[in-house]
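**Student:** Let me begin by handing over the structure; questions about it come next.
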Amino acid sequence: MKSVKIVPIFYLVAFFFHNYNEVKCNKVYTTGDNFMPCSECKDINKCGGCLFEYNESLPSAIELKLTKKNRDKNIHDNLKIHHDSLKLGNVKYYVKRGEGVSGSLGNASGNDISNMVEIHNEIKNRTEQKEKNKSSLSFMDHSNNNIEEGKEGYNFSKIQKHEQDGFEKIKSQIDKDATSSSDSVEYDNTNRTAPSKGVTIEETSDNVFLVPLQHLRDSQFVGKLLVGTPPQEIHPIFDTGSTNLWVVTTECKEESCKKVHQYNPNKSKTFRRSFVKQNLHIVFGSGSITGTLGKDNFILGNHTVRNQTFGLVKSESSDNLNNTDNVFEYINFEGIVGLGFPGMLTAGSIPFFDNLLKQYKNVTPQFSFYISPNDEASTFIVGGISKSYYEGDIYMLPVVKEYYWEVKLDAIYVGDEKICCEEESYAIFDSGTSYNTMPSIQIDNFFKRVISKPCNEENYNDILKDYPTIKYVFGKLVIELLPNEYMIVNEDLCVPAYMQIDVPSENNNAYLLGTIAFMRHYFTIFVRGQEGSPSMVGVAKAKRS
C-alpha cells in the first residue's frame, strides 16, 4: 500500500518541479489566462493582446549589417560617457516626438549622440564653476556673519521631473539659439539659459541641466535598396521610428557625401522631379543636409515600388565653429526608409511601405526584424515572418495610436522591485534606436540597482550572476531581459545598455526598446491594422544562430 501511495506523489512532485522550472526559464510568458488567437478575439484592446497566426506567404528578406559612426572608437563609448554625465548632477536628456531626423524622435536643434564628450565636459565645467561661486559666496557671508544665507547652495543630488511647459520654454530658447552664431554669445553663470559653444545645454531655475538630442542614432543596421532604372544600389536604415524616405545623391558635391554610395538621378530613366515647392531639410548635431523632392522606382527584395516620392540630399554642411566632422564623415549609411505610420509623413502623399502594399495587394501588411548576435547576419523581412528566427509563440500587442509603434506599458520590474508605472506609460519599439531608455524620474532608481562594474570577456558571466532580471509587463504578458541581454562590455567595464531619455507628451512617459538591448533578443513583428482591426506589435523569443 505504501508503494502505491509513493508513486503518484513522486510523479506529482516531478510534474510540479518540471512546470515550475519551465515557467521560470521562459522569457516571454503570460500571467492568468493564455492569449487566444487573434482571429478569435473580437476586441484586441479588451483581450489585452492575442496570439499571432502564421499564414503562408512569400516574404522578401533583406540582409542587414551593423554600421557605427566612428570606427576608431569602441561602439559603446558614447553610452558610457552618457552614464558618466548623469553622475555630475541634475542632468536630463530629452527628445520630442516628430521633430528629429526625418520626423523621428528628436529635436529640431540640439546635440548629436557623438557629442557626448563635449556635453559631459560642459556640464562638468558649469558644475565646478557653480561650486566655486558657492564657495566664494560662503566666504563673503561668513565675513558678514550671514552664515545661514551662505549655506544655501545648489543641489544636484536628485533628478527631478520637468513638466511639458518647461520643454516648450526650452524649445523656444533653442530655436532662437539655432538662428544665431555660437560665437556671439558669452556664457555667464548668472544667465541660466546661456548656450555654450559646441553643445546646447539649458539650465532651469531649479538648477537642472536639460540636454536636447536631435536623434538617438549611434550604431545602425542598414540593408540593400535599389533605386531608379537601371537600378542603383544604396544602403539605408530601415527605421520604425520615422516615416519619410530620403537618399544621398550625386548632387551633393561635398567631399563627405562622396564617402558613401550616391544615387545619381540623371542616370535613371524613371526619375521625375517634384513640381511641389517643398524642400528637404534635416538637422544633425554636427550640421545639416538639405535637398528637394522627386519620384522614382525602388526595389526592395522581390518588390518594385513605382513612383515613390522621396527626398534627394543635395548638400551637406558641417558646424565649422565647433570643428566637427560632417554628417557622412562619421556615419556610414546612405539614407533612411521610414516604416512608421502616415501621420508622421512630411515628404510626399504616401509612405514607402503603404505604397508597396497599395501596389502589391497579395503582400501581407507586416514586416519583421531579426537582429542576430552576429551583426553580419541580421534580417529585415517584408510581407511576413520566418519561423527559423524565433521559438515559441508570437504575442501580439495593440498599438495605442498609429503614429509610432507604441503600446501600453503596465509595469517594469528590476528584480522584485517595481519601478514603473504609477502613471500611464508606453513602450515604443524603435529599430532606429540602439539602446533601451528610461525617463529621468526612474533612471536614478534604476542605476542604483543596475550599476556598471569592471569586467572583461573572461569573467563576464561570473560578474553578471549578481544582476537582476528586468521584466516588462504588458497586461498579462511578461517579457524578461536577463543580465547577459541588457549588459554590454565596453572595454573593461560591464555597462547597462540603457540611456536616460525623456519623451514628454500628453501620453506621459515613453520607454524606448531598441535594437541592441531588446530586438537582438526578441524577434519583433510589426503588423498594420486592416478592416477595423488595430495595428499591432508582436514579440517572440529570438533563436540564437
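Count begins at 1; order follows the chain as displayed.
Each residue, glycine too, has its Cβ placed from N, Cα and C.
Quick caveat, the model's predicted, so the values are computed rather than measured.
Under the heading region 'Disordered', TrEMBL lists 127-150, 172-197. Per TrEMBL, the feature compositional bias 'Polar residues' maps to 135-147, 179-194. Taken from TrEMBL, the feature domain 'Peptidase A1' covers 221-540. TrEMBL lists Asp239, Asp430 with the feature active site. The disulfide bond feature in TrEMBL is assigned to Cys252-Cys257.
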**Student:** State the Cα to Cα distance, in Å, between Cys252 (disulfide bond) and Asp239 (active site), rounded to an integer.
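**Tutor:** Given the Cα positions, Cys252 (disulfide bond) is 23 Å from Asp239 (active site).
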**Student:** Report, in whole Å, the straight Cα-to-Cα distance of Asp430 (active site) from Asp239 (active site).
**Tutor:** 7
**Student:** With every protein chain in view, how many other Cβ atoms are within 10 Å of the Cβ of Asp430 (active site)?
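**Tutor:** 27, counting other Cβ atoms within 10 Å of Asp430 (active site).
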**Student:** If you draw a 10 Å sphere around the Cβ of Cys257 (disulfide bond), how many other Cβ atoms fall inside it, taking every protein chain shown into account?
**Tutor:** 23
**Student:** Once the chains shown are all counted, how many other Cβ atoms turn up within 10 Å of the Cβ of Asp239 (active site)?
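**Tutor:** Summing over all protein chains shown, Asp239 (active site) has 25 other Cβ atoms within 10 Å.
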**Student:** In which DSSP state, out of helix, strand and coil, do we find Asp239 (active site)?
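**Tutor:** Asp239 (active site) sits in a strand per DSSP.
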